[in-house]
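Quick look at what Swiss-Prot lists:
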| type | residues | note |
| --- | --- | --- |
| DOMAIN | 29-216 | domain 'BPL/LPL catalytic' |
| BINDING | Arg71, Gly76, Ala77, Val78, Phe79, Lys134 | ATP binding site |
| BINDING | Lys134 | (R)-lipoate binding site |
Amino acid sequence: MTTLRLLISDSYDPWFNLAVEECIFRQMPATQRVLFLWRNADTVVIGRAQNPWKECNTRRMEEDNVRLARRSSGGGAVFHDLGNTCFTFMAGKPEYDKTISTAIVLNALNALGVTAEASGRNDLVVKTPEGDRKVSGSAYRETKDRGFHHGTLLLNADLSRLANYLNPDKKKLQAKGIASVRGRVANLVELLPGITHEHICDAITEAFFSHYGERVEAEIISPDKTPDLPNFAETFARQSSWEWNFGQAPAFTHLLDERFIWGGVELHFDVEKGHITRTQVFTDSLNPAPLEALAGRLQGCLYRADMLQQECDALLVDFPEQEKELRELSAWIARAVR
């Protein structure tokens, strides 16, 4: 009986793919070696301990329908589109060894005609006249009895979009999250014109089989049919939830300030697990009462634009004379936290 398992996703949904990865990892036998191949449509994927408001231009992501997905491994933020090929290697301990999976990817690239090498803890680079350029980044996760190594290969990614979503707005954030390290990157298509996702997947699969001396039929994972994986529905619900993708951010402080015709406003938010734990308001408005009331209402509120706007709008009942000012305030806060 083979000890290998090969899964290929035909979904471009990052929440679906990460839920599949999580379910396989949890339920795989300790003796199994798994290769999972997948890719995501426009998505920013952040590390387990990162703060999306710090790492990402969340406002532009919303405008461009770019999803946010938090993975269960550490590391930094990356932008995925269909020009990325994603891979995950899993194994039980003591079999799990990320140097083996790294070697498999390097062997796959070599078979395609690309000479790459490992650089630092997480990257694969190619030599060019301009210097080393990164073609792959990885992250890792280990539990007591198993581990996985997942990463991306830049195939034909739209590199111009990296800066659109990974360079955050100049927000006044003081956060404990891990800042992403930006590096010089290259697409494999620059080195191998005409290379496709299927070529990469075939090469990694062959290198995987060659290393272990076994072969196995691929299992195609599709969103058209719920995967036969234990607790998949619950895992997908969690992976796609605001509470996981945003609410798991490390504690941080966000300072907003704006000058309106009716006065200047400074808001200091302390946020933990996606909820506001404290709001301080400073203003030179002649009528600070609505703002003072807002500070009280926001205690415990989800740090989400629609929820903050809802609390601002609720003040209209108690302060109808300040409707114009409150609507301006509401719109500004919603824009600022997106």
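Just so it is clear, glycine is given a Cβ too, placed from its N, Cα and C backbone atoms.
Structure coloured by features recorded in Swiss-Prot.
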residue	record	Cβ neighbours (10 Å)
Arg71	ATP binding site	20
Gly76	ATP binding site	20
Ala77	ATP binding site	25
Val78	ATP binding site	26
Phe79	ATP binding site	23
Lys134	ATP binding site	19
Report the largest Cα to Cα distance, in Å and rounded to a whole number, among the residues Arg71, Gly76, Ala77, Val78, Phe79, Lys134 that the record lists as binding ATP.
21
DSSP state at Val78 (ATP binding site), helix/strand/coil:
strand
Model confidence over the domain 'BPL/LPL catalytic' (29-216) (mean pLDDT, whole number):
89
